[in-house]
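Colleague: Have a look at this one before I ask anything.
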Amino acid sequence: MEDIIGFYPLWYVPNFGSNNILAITAVVHVLFSHMSVGASFLLAYLATKSYREKKPEIMLYVKKYIFTLLITSYVIGSITGPGIWFATTVASPRGISALIHNFGWVWAAEWVWFVTEVIIIYVLYYIINKIDAKSYMRLTWMFAAASFMTLLAIVGILSFMLSPGGDAWFTSGSAMDAFYNLNYFPHAFMRASYMFALAALMGIVISTRLENQELKSSIYRVMSMWGIGGITFGTLFYLLYIQTVPQRSSEILDYAITDIFKTSLFSMVIVTITFFIITYITSKRVKRATPAILMLLFVLALALYPEEKIRETIRKPFVVGEFMWSNQIIARDIPAKKVKSEVETIDKNGLLSVNPFVPESMKTIEADNKVDAGRTVALLQCSACHSVEPNGARSLTKKIETLTDEKIIYDFLEARLSGHPELGGAAYMPKLVGTEEEKQALAAFLADVNKKRLAEESQKAQN
């Protein structure tokens, strides 16, 4: 029993993958949560402008923006937030557990700031034009501060997930060594900058509902300038951010990220900043919200999704802090936490034996259960990123779909998943662990999948 490892039950969505469920939820949440942080400063700026320039008509726009923000960021965003917690808890329970144990107080602080933010946004909506302008202005800056603090808290955790930035955390175990890592500040300012651009896009959509043409044109120009600034500074901070990622991540970015994602991101930067420039120039003639709404949808599909996908990919083969692989196997000792690598134990005893949720019938591999045991190995080691079905998302058999010989597949797996990129192993893939019998069973399963698929294709061709 001492060799049993504390794995959790596996959540696997056939053909689609649990990772894609999480990705969809996360991208929607990122859109509205990022918009909220950027909007908090926009609202504070507009409230200040209204107070100092004695332009109470601006507050009509502020109220419309707050109402839209309540519906989007504080309803949809607040639903997808717990959705991320649920999805990560069932998709990667050991990963989220490691983060909670290391950043418990950081998350507690973030929740305090978030609750403060939610309370203030509702207060701002219901007391607008009911208190003096100066007090209202101060309240908007309190809202902006609370919102920004939630960003600063979460970015530290996200940056740690990519890399602790060195060996300090492994020896000290200090949350501060993990939190203030090498790419924390470039990451924080990059996200903050792009948040302003997102908020400006939403601001343009809302502006089209204003009846006062002079006010509408003025707001268009303000939003356009914030958008141009956000895109410009976000891109500059991105160039700084990319210099702080681990060497492994730089290599993955160079050769493992598809050109379509890179092209999509670059194109959206150009298109979005062009949109803001055109809106600024034609501020007196813009009448419809359709272009801005389309831009938001394009940003969601062609910028946020590729960006989040790239961020997840350059973190591989790890899911947390360069010590836990994406399949939730701990791959490195953490002396400060008294955590030991599980690789040696799994190689010695077998992954099927040390996982308490594997059926007893699978723990001993025989000729009659070899393929089924191989499928179980595939689910446990690979399904965090791949589908085990031949036509599923990122199918495990895609790169070997023409191979049906178990020995050839076994040799391919040993080379590709060696854990040594310098010897031909994939830098973004965890090492294949387990006993020789388990590795051979995995090869047998993949060969069986390919044989069945080729037989089906042959049958269809004959018909």
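Cβ coordinates come from backbone N, Cα and C, glycine included.
These figures come from a predicted structure and were not determined experimentally.
Pulled these features from TrEMBL for this protein:
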- 369-450: domain 'Cytochrome c' (DOMAIN)
- 20-45: transmembrane segment (TRANSMEM)
- 65-85: transmembrane segment (TRANSMEM)
- 105-127: transmembrane segment (TRANSMEM)
- 139-164: transmembrane segment (TRANSMEM)
- 184-206: transmembrane segment (TRANSMEM)
- 218-240: transmembrane segment (TRANSMEM)
- 260-282: transmembrane segment (TRANSMEM)
- 289-306: transmembrane segment (TRANSMEM)
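I'm curious about the neighbourhood of these features; can you describe it?
Modeller: Long-range neighbours of the transmembrane segment (20-45) within the same chain, counting only residues 6 or more positions beyond its ends whose Cβ lies under 8 Å from a Cβ of the stretch, are 13, 62, 65-66, 69, 72-74, 76-77, 80-81, 83-84, 87-88, 91, 117, 124, 137, 140-141, 143-144, 146-148, 150-151, 191-192, 194-200, 202-203, 222-223, 226, 230, 296, 299-300, 304-305, 308-309, 312, 393.
Sequence-remote contacts of a segment are chain residues at least 6 beyond its ends whose Cβ falls under 8 Å from one of its Cβ atoms, and for the transmembrane segment (184-206) they are 31, 34-39, 41-42, 61, 64-65, 68, 72, 148, 151-152, 155-156, 158-159, 219-220, 222-224, 226-227, 229-234, 237-238, 240-241, 243-244, 272, 276, 279, 286, 289, 292-293, 295-296, 299.
Remote same-chain partners of the transmembrane segment (260-282), defined as residues 6 or more beyond its termini with a Cβ less than 8 Å from a stretch Cβ, comprise 197, 200-201, 204, 220-221, 223-225, 227-228, 231-232, 235, 291-292, 295, 298-299, 302-303, 306-307, 309-310.
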Colleague: Of the residues in the domain 'Cytochrome c' (369-450), how many are helix, strand and coil by DSSP?
Modeller: 45 helix, 2 strand, 35 coil
Colleague: Where else in the chain does the transmembrane segment (218-240) make close Cβ contacts, counting only residues six or more beyond its ends and a cut-off under 8 Å?
Modeller: 38, 42, 45-46, 58, 61, 186, 189-191, 193-201, 203-204, 207, 210, 269, 272-273, 275-277, 279-280, 283, 286
Colleague: Quick test of the contact rule: Cβ under 8 Å, at least six residues beyond the ends. What residues does that give for the transmembrane segment (139-164)?
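Modeller: Cβ under 8 Å, 6 or more out: 36-37, 40-41, 43-44, 47-48, 99, 102-103, 106-107, 109-110, 113-114, 116-117, 120-121, 123-124, 127, 170, 177-184, 187-188, 191-192, 195, 245-246, 249, 311, 314-315, 318-322.
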